[in-house]
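A.B. asks: Below you'll find the structure I mean.
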Amino acid sequence: MLRFLSLVIVAVLMMQRIPNAYGCYCDPAHPQQEFCTVDYVIKAKVREKIFIYDADNTTEMPVEVKYVLKIKKIFKQTPAFEELNDTTVAFTSSKDSLCGVDLNVNEDYLISGNVNGGRMDLHYCSWIEKYNNPTSIQKRGVRFLYKNGCKCQVFRCFGNGCNNPAAFGVDEDHNCAWERGLPGDCYARKGICKKLGDGRCCWKRTHALKNCAPKEHSAHWC
């Protein structure tokens, strides 16, 4: 019984974004939900990585990392991002435990995030990955599909809980259930939550989704 519980705990932890035993914790949002709630989503190349130290020199360890970016494409921007006047500098913590982000120089990334205190912040829990990693559905999502479903809410659930959105504080007609544990994280990588003319929301029926999601889920597609 103890071994079974240990395996369950390990499985649950693997579904969370936890970089190390003492690191930051977050339950990742669906890419569409992330797109709809952040200040910016961009394609950018990392040109330089600069470590910033405490101004009082009280520690030999850097406290922040500054990334100099070359922004190649803006998929989404709020007024807060527009006010940065085309800045190409972003900041993150130097520590994993504070959800810092480690990026490689000369690599292209898809980066989402928020503007805080007049600067671009990068956070481990945001949707940030090498630009060749997102699926074709995700790239179409950031270009034009995700924004059409921003009045819908994608919520994470498990098993029978997916049939009771009210238990998650979600409107019953304006949501798409994102079930945990599906192989390859099917709905995150290949799902688009679509708003219908009558206001209801449902997963967009695509060939990619059909090939990875269970057949019984098709009742919630449109």
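Backbone N, Cα and C define each Cβ position, glycine as well.
Because TrEMBL annotations are produced automatically, they should be read as predictions rather than curated entries.
Keep in mind that what you see is a predicted model, and the values were worked out from it rather than measured.
Got these off TrEMBL a minute ago, pasting:
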SIGNAL    1-23  signal peptide
BINDING   Cys24  Zn(2+) binding site
DISULFID  Cys24-Cys99  disulfide bond
DOMAIN    24-150  domain 'NTR'
DISULFID  Cys26-Cys125  disulfide bond
DISULFID  Cys36-Cys150  disulfide bond
DISULFID  Cys152-Cys201  disulfide bond
DISULFID  Cys157-Cys162  disulfide bond
DISULFID  Cys176-Cys193  disulfide bond
A.B. asks: Which of these disulfide-bonded residues is closest to Cys125 (disulfide bond) if you go by CA atoms: Cys36, Cys162, Cys176?
C.D. replies: Cys36
A.B. asks: Near Cys26 (disulfide bond), meaning Cα within 10 Å, which of Cys36, Cys99, Cys157, Cys162, Cys201 (disulfide-bonded residues)?
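C.D. replies: Neighbours among disulfide-bonded residues, in sequence order: Cys99.
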A.B. asks: Sort the recorded positions Cys24, Cys36, Cys162, Cys193 by C-alpha distance from Cys152 (disulfide bond) and give me just the closest.
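C.D. replies: Result for Cys152 (disulfide bond): the nearest of the recorded positions is Cys193.
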A.B. asks: Looking only at Cys152, Cys162, which of these disulfide-bonded residues has the biggest number of Cβ atoms within 10 Å around its Cβ?
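C.D. replies: Of the disulfide-bonded residues Cys152, Cys162, the most buried by Cβ count within 10 Å is Cys152.
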A.B. asks: Based on Cα distances to Cys176 (disulfide bond), point out the closest of the disulfide-bonded residues Cys36, Cys150, Cys157, Cys201.
C.D. replies: Cys201
A.B. asks: Which site among Cys36, Cys99, Cys157, Cys176 has the most other CB atoms no more than 10 Å from its CB, taking these as disulfide-bonded residues?
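C.D. replies: Of Cys36, Cys99, Cys157, Cys176, the one with the most crowded Cβ is Cys176.
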A.B. asks: Rounded to a whole number, how many Å is the Cα of Cys162 (disulfide bond) away from the Cα of Cys201 (disulfide bond)?
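C.D. replies: Computed Cα spacing between Cys162 (disulfide bond) and Cys201 (disulfide bond) is 14 Å.
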A.B. asks: Looking only at Cβ atoms, how many others are within 10 Å of the one on the residue listed as 'Zn(2+) binding site'?
C.D. replies: 18
A.B. asks: Around Cys99 (disulfide bond), which of the listed recorded positions (Cys24, Cys150, Cys157, Cys201) come within 10 Å, judging by Cα atoms?
C.D. replies: Cys24
